[in-house]
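According to Swiss-Prot, the signal peptide annotation covers 1-25, on the basis of similarity to another entry. Summarising the annotation, Swiss-Prot assigns topological domain 'Extracellular' to 26-631 and lists sequence analysis as the type of evidence. Under the heading N-linked glycosylation site, Swiss-Prot lists Asn69, Asn96, Asn117, Asn385, Asn517. Positions annotated as repeat 'LRR 1' by Swiss-Prot: 73-95. Summarising the annotation, Swiss-Prot assigns repeat 'LRR 2' to 96-117. Residues or ranges marked as repeat 'LRR 3' by Swiss-Prot: 120-141. Taken from Swiss-Prot, the feature repeat 'LRR 4' applies to 144-165. The repeat 'LRR 5' annotation in Swiss-Prot covers 168-189. What Swiss-Prot records for 192-213 is repeat 'LRR 6'. Taken from Swiss-Prot, the feature repeat 'LRR 7' applies to 216-237. According to Swiss-Prot, the feature repeat 'LRR 8' maps to 240-261. Residues or ranges marked as repeat 'LRR 9' by Swiss-Prot: 264-285. According to Swiss-Prot, the feature disulfide bond maps to Cys447-Cys499. Positions annotated as transmembrane segment by Swiss-Prot, on the basis of sequence analysis: 632-652.
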Amino acid sequence: MARLSTGKAACQVVLGLLITSLTESSILTSECPQLCVCEIRPWFTPQSTYREATTVDCNDLRLTRIPGNLSSDTQVLLLQSNNIAKTVDELQQLFNLTELDFSQNNFTNIKEVGLANLTQLTTLHLEENQISEMTDYCLQDLSNLQELYINHNQISTISANAFSGLKNLLRLHLNSNKLKVIDSRWFDSTPNLEILMIGENPVIGILDMNFRPLSNLRSLVLAGMYLTDVPGNALVGLDSLESLSFYDNKLIKVPQLALQKVPNLKFLDLNKNPIHKIQEGDFKNMLRLKELGINNMGELVSVDRYALDNLPELTKLEATNNPKLSYIHRLAFRSVPALESLMLNNNALNAVYQKTVESLPNLREISIHSNPLRCDCVIHWINSNKTNIRFMEPLSMFCAMPPEYRGQQVKEVLIQDSSEQCLPMISHDTFPNHLNMDIGTTLFLDCRAMAEPEPEIYWVTPIGNKITVETLSDKYKLSSEGTLEIANIQIEDSGRYTCVAQNVQGADTRVATIKVNGTLLDGAQVLKIYVKQTESHSILVSWKVNSNVMTSNLKWSSATMKIDNPHITYTARVPVDVHEYNLTHLQPSTDYEVCLTVSNIHQQTQKSCVNVTTKTAAFALDISDHETSTALAAVMGSMFAVISLASIAIYIAKRFKRKNYHHSLKKYMQKTSSIPLNELYPPLINLWEADSDKDKDGSADTKPTQVDTSRSYYMW
């Protein structure tokens, strides 16, 4: 009896297998479209649960329409890399369809995909099509959709209710489209969204509260969006966010205010941004942060004091491949007890302080290879390392300085050199050698230096003033880190600024040459005159007397203008407290030389000249026809004749009068001008008689009179 029962059970198993085989055979043969592959394949749900699904694979067949003989049991339909641009009703009988892949086809509109009644669909791939917009309710029938991949399209417009009905959506890929704005209303219909990739869109900027409806979001990718700033409240509402990427943007500083609004962030990617320095407070009180990436930053030069502060769960920091990163403050880390891995390779670091490493009690591995290391007292701790810290790729750690050790392995050199003090060395990439600034801007020059003992840093201005942390000035301010701030830059602020790093062993210096609007004033030149504005009939000049001249002893300044055509020379005395002068009633398109001489009570003089050409005059007269021109010429000719006769009469009368009082003016006259005297500005100048008279009266005593400075522009 037992044998009979066992045999019966075996028959049932065989029969079941036969039925299953026949069913699968029908799917794989009679109902499988030509050239497609139909089979049972492993399939993972959006929650990564393993299942097996009936799959029809029609990828890469250059199809222009969906095959018509699809089985209603199809669960996964793969139509990637075809030429399909529109469907009719081929999908309507696929009631069990859970995944549909239309990527790399020719759809331009979502409605043409034919998604109605696909209530079981959980995953939809529409990437790499030609879709340009998403209209309201275009996906409303996909109530069970959990994954939507619509990246790498041409989408420039998404209506406010485009995602209506997608309350179960978990993953949304909108990256690599043409979106210029991010509308928070999109996300009102997707409260359960966990992953959002919206990078590589040319958005104008991120707004405050942009992602507020996404309280369940765990991962946000904002890569490649040309972002220059992140508003302080842009990430408000993302209380569940664990991973955030700002990879490959244009951020020039860490968006610290925005990051403080993401309390549960664990992974932060700031790689490939032009951030200049990591400053105090940039990463502070981020209590859940575990990994931080600041790699491939072309402009990063320093990690300053307390840049990473109170990060109790941070275990890994990557700061690699930063070609200008040359300085890490000895107190860069504070209250970072869990850090195990510190990657600092392929930078421009000369050293890492022992105190920096000692501030990380749980450090297990450090990578500082492929840096231009200085093999002196600053890195002696490497040779005397008594901890369990492991150096990554130690054979790639070579000395770059001092010159006698260049190219040798670090450990071999440190055995020979055991000095405890060494000279300061200014990090060469912290500030540029040359800069050109615009008038009115503010300049920051970051000077950083490493030495034992720690050096003092101060700056010297182009005129020799020493700027320290204690200096009180509206123009200059020096931070304890060594950053010089120059406010409201003017042309007279141009010149050579010298950073000095000094300790008991000596000093190191480095110079930054600053131009303002393309102008560079020589710091050794006490006086400098320059042109501020040029018009067709006027020139506005200004000058600067550097403060290392005893300006309190300067009694007079004189300006001499030489006019090439017509040739007129005059001088005018200007009080020292006037630094700007307007020379008017000049000739258009004419070359002039303006010279300024400054003298003190000891008769010491400084002279500065500038060449300038007035602009071409703008003529408003426009004669439209020949007859009008002829008539006008006749009238003007008549007027010219009358004026000429009158001028001759006046001239004869004046010559007659001149004979009567010639000697009373002789001491003021040297040369005759072809420009009317009453049109020259300033009005009080020294004149010379014509050459014929000058020969007769060459011995006359000439004394320039003081200029009426009430008509000059007083700026200081």
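Here the Cβ of each residue, glycine as well, is placed from N, Cα and C on the backbone.
Known features from Swiss-Prot, placed on the structure.
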residue : record                      : Cβ contacts under 8 Å, 6 or more apart
Asn69   : N-linked glycosylation site : Glu31, Pro33
Asn96   : N-linked glycosylation site : Thr54, Ser72, Asp73, Thr74, Gln75, Gln120
Asn117  : N-linked glycosylation site : Gln92, Phe95, Asp141
Cys447  : disulfide bond              : Ile426, Thr430, Phe431, Ile457, Trp459, Gly482, Thr483, Leu484, Cys499, Ala501, Arg510
Asn517  : N-linked glycosylation site : Asn436, Met437, Asp438, Ile439, Ile491
| request: Mind checking which residues of the chain, 6+ beyond the ends of the repeat 'LRR 3' (120-141), have their Cβ under 8 Å from one of its Cβ atoms? | output: 45-46, 80, 95-111, 113, 147-166, 173
| field | Folded-back contacts onto the repeat 'LRR 2' (96-117), same chain, C-beta under 8 angstroms, at least six residues removed | value | 43, 53-54, 59, 72-90, 123-135, 138-139, 141-142, 149
| said: Give the mean pLDDT for the repeat 'LRR 2' (96-117) on the 0 to 100 scale. | reply: 95
| query | Using DSSP, how many residues of the repeat 'LRR 6' (192-213) fall into helix, strand and coil, respectively? | reply | 0 helix, 3 strand, 19 coil
| note | Across the repeat 'LRR 3' (120-141), DSSP labelling yields 0 helix, 5 strand, 17 coil
| Among all the protein chains here, how many other CB atoms are within 10 A of the CB of Cys499 (disulfide bond)? | 24
